[in-house]
Every structure is written in C-alpha cells, then in structure tokens.
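Annotated in Swiss-Prot:
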type: ACT_SITE; residues: Cys406; note: active site, nucleophile
type: BINDING; residues: Cys75, Cys81, Cys84, Cys163; note: [4Fe-4S] cluster binding site
type: BINDING; residues: Gln271, Phe300, Asn305, Glu321, Asn349, Asp370; note: S-adenosyl-L-methionine binding site
type: DOMAIN; residues: 1-62; note: domain 'TRAM'
Amino acid sequence: MPVAGPLDIVSLDGEARGIGRLTNEDGTPGKVVFVEGALPGERVMYRSHRVKPSYEQAGVVNILRQSASRVTPQCKFFGVCGGCSMQHLDSRAQVAIKQRVLEDDLWHLAKLRPDVVFRPIAGPDWGYRYRARLTVRHVAAKGGVLVGFHERKSSYVADMTSCEVLPPHVSALLVPLRELVGRLSIVQRMPQIELAVGQDVTALVLRNLEPITAEDEAELRAFADHHNIQFWLQPKGPDTVYPFYPLDRTLTYTLPEFGITMPFKPTDFTQVNHQINRVLMSRALKLLDAQPGDRLLDLFCGIGNFTLPMATRAREVMGIEGSEALTTRALANAQHNGLHTKTSFACRNLFEVSADDVAALGKFDRWLIDPPREGALAVSKALAELSQSGGDAADLLPKRIIYVSCNPATLARDAGLLVHEAGYRLAGAGVVNMFPHTSHVESMAVFERD
C-alpha cells in the first residue's frame, strides 16, 4: 500500500494503537485508522496493511508532530517482540491512558461514573514480571533454538537475547536456555517453558512432549546447579507437573504487612507483579474495612491470595474457587499460616452460580471478588435477583463489595448489574498498573449498598 497522511492521532485503542479518523470528500467523518506505533497528539504519515469498509489497520512511516509523552524504548527488541506494546510512551502517560480506558468503559458500557476515582497503584516499570510463558522453537534459519515471546501479531518467536520486563537474573538466562535446549534430545518436542519466580526460588517448567533421556537429565541438573534454578517437568496436561531437580526447594511469595507466606506451584495462578500485589492487597483490605466480628466472602479465591489477609482482619472468611487443585492449595496455605481455624474453602463453578446458590451460603458482611477476564456475570445476576426478591433474600446481600478486575469491559458490564439492578452504588474505582508497558488494564472498584 502507498504511504498516506497526514493523520492526526486522537487516542489509543485497547491494543495501544493510535486512533485517527479520515475525512470524506464532503467533509463528513470517514473511516477510522488504527496506527501501530502512533501516540495521541501526534500527526503521522502511515501505510495501511489492512483495509476494510469502515476502518484501516496501519503502521507509522513518519512522525510529523511528536507527542511530548513519547520516549525511547528501553528494550532493543521493542516493536518486534509482542510482549510489550507501550514502551514508547512515558510510564505516567501509560497509567493515565489506562485510567481513561477504565472510566470510558464504565460510562459507555454501564452509564456509570464512580463517586471517587482512586489514585492509581503503580510500582517498578522494569524487571517486574515474575511469571511468564516462553515459547520454544527450533529454527534452523535463525541458527538454532529461540526462547522468548511471540513476535507482534505473529506465531513466530522473537529472536530475543534479553527482556527488560523479566527480572534481570531471568533475562540473563535467555541465551543459556537457548543453548541448553539445543543440546537436549527433545529439542523438537519442547514447545514452551513456563517461568515462576518466588521469594528465594526461580522455577522453570519444561513442557516435554517426550520423556527425557539420562543425558538430558544430566544436562538439566548441571544447568540448575550453575544458574541456581529449579526445573519442573510437564509431560502432559497441567496436572502432570512435577519437580525434577532440585527437590528441596519451595516457591513462595510473602505479604509482609499481614505476616503471610504463600507457598505455590509454578503453574498456579499468582499475580505477575509481586510488588504491586502487596500494594493492591493493602488498599483492598483498607477499602473492605472489615471489622473483627465480620464474616467475609472471597470469590475466585485461587490459592488464598486475598482470603488469608482477610482472615487477619475478621472473625471468619470463606473462599470459593472453581479449581479443586487451587482449593486444596488454599486450604494448605491457611494451615501453613495458622489461619485454618478462621477460614474455609469450597470448590464451586462461579460461572454458573444462581441466586439460590448464593442464598444457601448465608449472610456475609463484605465480599471480595477477583474473577478472571470473563468477569463475574453469574454472581452479579444472582445478587440482582436477590435484591429484586426483597425481604429476607435481599438481607443476604453484603453491604460492601471489592471487585478486583483484569478486564475493564467485563467489570463495567457487571457494575451495571450491581448498580442498576442490585441496588449498589459505585463508590470508587481506579487502575492498578500490574503490567507496565502493556495495554493490559487491571483495576479495582468498590460497591456499597445502604
């Protein structure tokens, strides 16, 4: 396609692409153009690579007017690697854009504005990613094995030798890992390596589609000893993961404010950013404002990340999770921290929960909801139904709900139900910059009911 423009960029979309709009010959607004690499306030020349009747997708060719928020990306692989999409934007501007995405979704999808916009939660911009899934490919044309993230909008693996968002000691492992995998008998049968960094242990889970040989075992042991890491193997599905070497180490992360240590497996869901998780926990518990005599409910509780801190503030906490394995792990973590007498856990499918199911749980004073990207639609509908039933059923509704979200669109959808149909008000909302340099928007909202 030929170079086109100039085009004024007015905003960013959910993938951090600049958004501009063409003007028709009669002066009316024309189609939208999504421009990779362009920032709000910039005027650019662009080249389209996909043209549709109502929009075009393009890349920047030349920047005629540059945004004051544009910075030089720290990573030399930015633009090729798909792991980050916003390194060219100042970190404060990144947070501001994410806050606007949250507020726009709440308004456009639910016609809601929070009573209070919380100050954003932010932390380190680099070296924060303590959990990641790296793809492995043997590519003869590139000289051997590649280990890293996918190229942007591609199934190919980026030829990367470092990563600025991984902890430095993990970034330094990328090249040695390429060399290690190249020496293994299963070099063509290892599609991914999963990374989990704990307080004192770094674990790498090798997805081995075939059994490893004795020679492979020796290579892995030597590598683990030299680089001070722990290898796990996953021959089949997630439930087949087991520690290979060394066996005397346990992954943990800590929540010092609450005196809690959380053991976990490398394939468990844990927050990617441990520093932000601590700040998020502190703010969530303050907003929950649990009293010593309260009964609390934690939905989508995972391994007990919120449940256990909540138990240090209240009389009783119940955690509900859809995974039997995570429910078992949460119970073990409660015992590990001496909180098993104040906590209970149940495995339920929260995507199919009904009003009767919620009523059967009994009265809880305050709830915390931390769903995956799909949100908590069934839970929100159940609360709306109980509210509209009136009488004793409505009395079961909690007076306060803290909703931690990793998808502002599903948060907005659920917020609409909670406010317009369940009788809550949106007391506050704000973003949590859990994933700097990406377009991922984590947020927290508070709902109150009189």
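Every residue gets a Cβ built from N, Cα and C, even glycine.
A quick note: this is a predicted structure, and the numbers were derived from the prediction, not measured.
The CA atom of Phe300 (S-adenosyl-L-methionine binding site) is located 35 Å away from the CA atom of Cys75 ([4Fe-4S] cluster binding site). Checking each of the recorded positions Asn305, Glu321, Asn349, Asp370, Cys406 against Cys81 ([4Fe-4S] cluster binding site) by C-alpha distance, the shortest gap belongs to Cys406. Cα to Cα, Cys75 ([4Fe-4S] cluster binding site) and Gln271 (S-adenosyl-L-methionine binding site) are separated by 23 Å. Across the range of the domain 'TRAM' (1-62), the DSSP-based residue counts are 0 helix, 41 strand, 21 coil.
Taking Cβ-Cβ distances under 8 Å and a sequence gap of 6 or more within the same chain, the neighbours of Asn305 (S-adenosyl-L-methionine binding site) are Met262, Thr270, Gln271, Asn277, Met281, Asp370. In sequence order, Phe77, Phe78, Gly83, Gln87, Phe149, Ala158, Met160, Glu164, Val165, His437 are the same-chain residues whose CB sits within 8 A of the CB centroid of Cys75, Cys81, Cys84, Cys163, the residues recorded for [4Fe-4S] cluster being left out.
For the pair Cys163 ([4Fe-4S] cluster binding site) and Glu321 (S-adenosyl-L-methionine binding site), the Cα-Cα distance reads 33 Å. In this structure, the binding-site residues Gln271, Asn349 were compared by how many other Cβ atoms lie within 10 Å of their Cβ, and the smallest count belongs to Asn349. Take the Cα of Cys84 ([4Fe-4S] cluster binding site) and measure to each of the recorded positions Glu321, Asn349, Cys406: the nearest one is Cys406.
Taking Cβ-Cβ distances under 8 Å and a sequence separation of 6 or more, the neighbours of Cys406 (active site, nucleophile) in its chain are Pro372, Arg373, Met434, His440, Val441, Glu442. Sequence-distant neighbours of Glu321 (S-adenosyl-L-methionine binding site) (same chain, six or more apart, CB under 8 Å from its CB) are Phe300, Cys301, Gly302, Thr327, Ala330, Phe345, Ala346, Cys347, Arg348, listed in sequence order.
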